[in-house]
Amino acid sequence: MTLIWPLTHIFGIVLMGFSGLMSTALAVSFLAEDGATAAFLNGTLATFTLGLLMFGSTMHVKKEVRARAGFLLVALTWSLLPAFGAIPLVLQLPGLSFTDAYFEAMSGLTTTGATLLSGLDAMPASINLWRHELNWIAGMGIIVFAVAILPILGVGGMQLYKAETPGATKESSLPPRIAQTAKALWVVYAGYTVVCILCLKLAGMNWLDAVCHAFAAMSLGGFSTHDANVGYFDSVSIEVILTVFQLAAGINFATHFVAVRKLTTAPYARDPEAKSFLLLVLGSCLLAAGVLWNQGVYPDYWTALRYASFNLVTIATDCGFANADFGQWPILVPLWMLFLSCISTSSGSTGGGIRMIRTIILVKQSLREFHLLIHPQSVTPLKIGENIIGNKVVMSVLGFIFLYFISVVSLTFVLMFQGLDFVTAFTAVIACINNAGPGLGQVGPAGNYSVLTDYETWVLSFTMLLGRVQIFSVLILFVPEFWRK
């Protein structure tokens, strides 16, 4: 019981802040007279009222969050908040069940971008904005955002930050206090978003499309305001802009912070994650274009490069935009894209998956094992740049990757148990656990997730949650020892 009251207090604060975000969509709906004002008004009032009651009724409790409570709060926040995000969708969109609305909100708040909605082009502007606001606010993590505000209210935040970013992360470039860290990251994040909006507007988008697609690009969320996604615009300049900002969002924001503060590109050259990420993704673009051209999918290499680059970058960064049906390409290319979605993005970015830092550690540990087989008596520390990686971090990485693959296999079988075909089940799990959006088969870029049953929708909602909070923060709740005093 001692955990309940501090968590209730903090979640009340989160709900009140969330209602403030919802009120911006309410304002847009009112000004645009798009017919969704009542849905957002009711959603805002319900969310704020419950948040205020939770906050006010627990003012007397001690509010410091310890490690166990931090993990529990992360899981509860990410699992319960989509229910409130779904309120305007349920109230406004006829025939949309709570299950589907929850999935859509979960997809937004985990920056997955997997949608089951159609008719996006004719949807009220405020509904489209709300979906993209969910992407954007979740981009750097609701909990990381909260720890910049909660210290002002006397609520400790370090345990929340550790709970949401377990394992190998890089914090040496950031301010020493957690609140300063969160604020620094958000200043860079918001600044890049504004620049992206202006670039997209200059490239020909209207303001709504520019704001929504910039939110989706910087959060690597992948939602769009059109059923045809980015293919609707058929614009090379828009695709180039989105590609650049998706690549930026896939790099550690601590690196961006240092680069902006010092006005130099040197931090990118010194960041092993950024270098590996860019070399792997950009090199893959060139090779994928060659495969598509060689297989006759596109008439010339440059056309192939246009479509290969955009779609490969958007899947590799776990964003999920599309300007072509890559499900119809030679199977090697989309499978490689999905593989990249597992490993490419940096820690401290808005992407998902295993992350590049863990990939680097795994590769270096494997090479070290070969060295030790040849030279059993040697002492060979594992280093990334000038930093020595301790065995505790290595074991954490190995444990995470083991749980990642066990989760993928288990969830694929859970979906297939209900009769879903292997390609759809496997790629849907990969896309959702990496928060990447479209898969292949029935959930490919030419379709969406509306073909799934309620059972499959709930399984994939859980999968998105599992991926967003990096697996440990959810699965630790199922360990009996966690609940013992």
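Even glycines carry a Cβ here, placed using N, Cα and C.
Feature annotation from TrEMBL assigns transmembrane segment to 7-32 (among others).
Annotation comment: TrEMBL describes 38-57 (among others) as transmembrane segment. Listed as Cβ neighbours of the transmembrane segment (38-57) (distance under 8 Å, sequence separation of 6 or more from its ends, same chain) are residues 8-9, 11-20, 22-23, 25-26, 29, 84, 87-88, 91-92, 126, 130.
Sequence-distant contacts of the transmembrane segment (69-90) (same chain, at least 6 residues past either end, Cβ-Cβ under 8 Å): 3, 6-7, 10-11, 14-15, 18, 22, 25, 36, 39-40, 42-43, 46-47, 96-98, 101-102, 104-106, 108-110, 127, 130, 134, 142-143, 159-160, 162-164, 461, 465, 468-469, 473-474, 476-477, 482. Residues annotated as transmembrane segment in TrEMBL: 69-90 (among others).
Positions annotated as transmembrane segment by TrEMBL: 134-161 (among others).
Under the heading transmembrane segment, TrEMBL lists 181-200 (among others).
Below 8 angstroms of C-beta separation, residues 139-140, 170-171, 173-174, 185, 188-189, 192, 196, 199-200, 203-205, 213-214, 217-220, 230, 267-268, 271, 273-274, 277-278, 281, 306, 309-310, 313-314, 316-319, 321, 323, 344-351 of the same chain, each at least six residues beyond the ends of the transmembrane segment (236-255), sit close to that stretch. Annotation source TrEMBL lists transmembrane segment at 236-255 (among others).
According to TrEMBL, the transmembrane segment annotation covers 276-293 (among others).
Look at TrEMBL and you will find 331-354 (among others) tagged as transmembrane segment.
The transmembrane segment annotation in TrEMBL covers 393-417 (among others). Sequence-distant contacts of the transmembrane segment (393-417) (same chain, at least 6 residues past either end, Cβ-Cβ under 8 Å): 166-168, 354, 358, 361-362, 365, 382, 424-426, 428-430, 433, 456, 459-460, 463, 466, 470-472, 475.
Through the fold, the transmembrane segment (458-479) approaches residues 71-72, 74-75, 78-79, 82, 99, 102-103, 106-107, 109-112, 114, 138, 163-167, 352-353, 400, 403-404, 407, 411, 414-415, 428-429, 432-435, 449, 452 of its own chain, all at least 6 residues removed from its boundaries and within a Cβ separation under 8 Å. The transmembrane segment annotation in TrEMBL covers 458-479 (among others).
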Practice problem: Quickly jot the same-chain residues contacting the transmembrane segment (7-32) by Cβ under 8 Å, restricted to those at least six beyond its ends, or write none. | Solution: 39-41, 43-45, 47-48, 50-59, 61, 63, 65, 69, 72-73, 76-77, 80-81, 84-85, 88, 124-127, 129-130, 133, 137, 142, 146, 149-150, 153, 155
